[in-house]
Amino acid sequence: TMGCCGSSEREWKPLEDRSCTDIPWLIIFALFCIGMACIAGFSISTGAASRLISGYDSYGNTCGQKNSKIEGVELSGRDQTDNKYVFFLDPCNIDILNRKIKSMALCVSRCPDIELKTYTDVKKFALQNGSELCSYDIPVSKYPSHGERSKKCPKLPVPPSNSLPVFHRCTPVDISCYAQFAEAFVTFVSDNSMLHRVIAGVMASKEIIMGLCVLALVLSIILMVVIRYISVVLVWILTALVVLGSIGGTGVLWWLYVDHRTNLTDQTGTSPTPQQQVATDNVQALLVYAIFATVFTVILLLLLFFMRKRVALTITLFHVAGKVFTHLPLLALQPFWTFLSLMLFWVSWLGVLLFLGTAGSPVQSEEAGLVEYRISGPLQYMVWYHAVGLIWISQFILACQQMTVAGAVVTYYFTRNKSELPMTPIVSSMLCLTRYHLGTVAKGSFIITLVEIPRLILTYIHNQLKGKENACARCMLKSCICCLWCLKKCLMYLNQNAYTATAINSTSFCTSARDAFVILVENALRVATINTVGDFVLFLGKVLIVSCTAFVGVLSLNYQRDYTVWVLPLLIVCLFSWLVAHCFLSVFEIVVDVLFLCFAVDTKHNDGSPGREFYMDKALMVRRRVGGWVGDYAFVFTLCYFGYISIW
C-alpha cells in the first residue's frame, strides 16, 4: 500500500484482494465512542437523569424522592416523595441569553389548576390540596401576612397550569408570556380565528397528509427506476430552456436598444437635458449588453454542438444507474436505514446533552442564594467533546451509507456475469464494510469534521455579533464561512470517490483518495459535465415529485369540502416530499458517481483486447470515446457562459 504522497502509478485490481484498511483510525474512533459512552454514564451516575426528568427545586432537592443534605443550604435534604411537580414562582421571568427561567422553583404535590388572585387564595389552595406554593420556611397560615411573601411566594395572579408529560414541570396554560421566544410566530397567529382554522384544517386532513407523504415515497422509488427512460427528455428540456432563454434574452436586448435609440433620435434637435443624457447612456449600455449577449449565444450554440457526446455519456450513465437499481433493489432502502440510524443517534445525543445540563455539583448562587448544578474544572469540556461527537458520528453514519452503496455498485460493475452476483450485494457490502473498512470511513468522516467545526464556530460568532460588527468584519466572516463551505463540499466529493476506490482496490483512505483524484483530474471535463447536467436532471426529478404530490394534494383537499385552509397541509406535504425525494435521489447520485469512476478506471486499464476485456455495460461501450480537444476546450466556455448568466 502506497502513502498519500506516492508518485508512481498503481495498478487497479478490482475485487481481487481484501484487507483491513486504516486500523489506527478505527482504534481512534472506537476510543472516541468509548469517551462518548463515558460522558453518558457520568451524567446518569451523578443523578443528572433523575434531575432532568423529575426536576429539582432551588434548594437542590430532586422532586419525587428523598434527598441528601447539601452543606451550607438550610432547606436541602428534604423528603420530596409526595411532591412530584416543579412549580416556578414566576414562570414568565425568562433569561433569553442563558435560555432558562430566572425564578425560584419549589417541589409541590399538585399544580394550581385555577387562577389564584390573592395570597388568601394561595393559602386556601394549600389547605385544600396539600400543595404549598410558597417557600418551605413559610407556614401556610402566614401566606397573606408574611414579610417576605413578595420574594418567597408566587407572583400574583398565579396562572392556572398543567404538568408536562414525562417532565414534571408546572407549565402555565396561557403561554403568552413566552412570546419573546417566538415573536414572529405570535405575530403570525395573532388572529386566533385564522390559527384555529389552520390547525383544524391540518387535523381534519391528517389522513390525506399521511397518504400524500406515502405517495411521495412511492414516486421517489419509481423515479429512481424509470429515470433512465426520461433522462433524455429532461436533458433536452434543459438544453431547450438554455437555448431559448439565451436567444430570447439577446433578442429582447436588441429590441430595447432599437426602441431606445428610436426615441432618442426623435428627440434630437431640442436643447440637451439631463434626461436625454441619461437616455444616451442607456442606449450605449444596451448596445454593449446586446453585443455581449450575442457573442455568448453564438458560442453557446457551438458548445451545444460540440458537447453533445459528453451529454450523451451522462444520459447513458443514468440509464445504467437505472439498471443497477433493478438488479440491486435493496439500494432503495438505504435512505431508510441511514435516516433511522441518524434519528436514533440524534435522540440519544440530545438526551445526554440535557443530562449534562443538570450534571455536576450543587452550587449556591451569591445573588439569590438559589442552588444550581454546574460542571466545574476539566469536566466542563465534556460538552465540547460531546458536540464534536455529534458532527463526527453523524458524518460517520453518512459515510457508511456512501461506502455501502459504493461497495454494492462496484461489485455489480466488475462482475462480468451478472448471474454470479451475490444473493444480496447490499448485505455483502455492509459486511465487507464492517469487517475491513470502518477505519477508512472513520478517517474520511473526521476530515469533514475538521472543516465543519470551524465553519459552525464562525457561523455562531456571526449570528452573535449580528448588528454589532462593522461591514468589513461581517464581509470577512461571511467569506470565511463561504470558503469553508466550499472546501467541505469538495472534500465530501473527494471522500465519496475515495470510498469507491477503497471498495475497488481495498486500499487505505490516503491511497484511495490519491488514486481517485488522479482519475478525476484525467477526466475533469467529463466530471464537470456529469455534475452540472446530472445535478440539474436530478433537481428536475425532485421538482417533478413535489409537483405531482402537490397536484394530487390539491385535488384531494378540493374533493373533501370540509377543509377551509389548505396552506399549511400543502406546505407540510411539499416539504416532506422534497426531503424524501432528496434522500432517495441522493442515493441515485452516489450510484452515478460510482459508476463513472468505475467506467473511468475500466477505460484506462482495459482496451477490449483478449485478457483486457471491458467490464462496462454495452451502452457505455458506445460512449467510451467521446469528445476531443474541441469538446474539451469548449466546455471551458460553457462554464464561463453559466458564470455570466449567474452574474447577469
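For all residues, glycine too, the Cβ spot is worked out from N, Cα and C.
Caution: TrEMBL annotation is automatic and unverified by curators.
According to TrEMBL, the features are:
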- 23-44: transmembrane segment (TRANSMEM)
- 208-227: transmembrane segment (TRANSMEM)
- 233-257: transmembrane segment (TRANSMEM)
- 286-306: transmembrane segment (TRANSMEM)
- 312-332: transmembrane segment (TRANSMEM)
- 339-363: transmembrane segment (TRANSMEM)
- 383-414: transmembrane segment (TRANSMEM)
- 536-557: transmembrane segment (TRANSMEM)
- 563-585: transmembrane segment (TRANSMEM)
- 626-647: transmembrane segment (TRANSMEM)
Which bits of the chain, at least 6 residues beyond where the transmembrane segment (383-414) starts or stops, bring a Cβ under 8 A of a Cβ in it?
14-15, 29, 32-33, 35-36, 39, 324, 327-328, 331, 334, 337-338, 341-342, 345-346, 349, 352-353, 356, 375, 421-422, 425-426, 428-430, 432-433, 437, 440-442, 444-446, 448-449, 452-453, 456, 495-496, 499-500, 502-504, 587, 590-591, 594-595, 598-599, 602, 615-616
Can you work out whether the transmembrane segment (536-557) touches the transmembrane segment (233-257), with the criterion being 3+ CB pairs under 8 Å where the paired residues are 6 or more apart along the chain?
yes
Out of 23-44, 208-227, 233-257, 286-306, 339-363, which stretch has the largest tally of CB pairs under 8 angstroms to the transmembrane segment (312-332)?
208-227
Test of understanding: applying the rule of at least three C-beta pairs under 8 Å (pairs 6 or more apart in sequence), is the transmembrane segment (286-306) touching the transmembrane segment (233-257)?
yes
Under 8 Å between C-beta atoms and at least six residues away from its ends: which parts of the chain pack against the transmembrane segment (23-44)?
348, 352, 355-356, 359, 379, 382, 385-386, 389, 392-393, 396, 438-440, 442-443, 446, 509
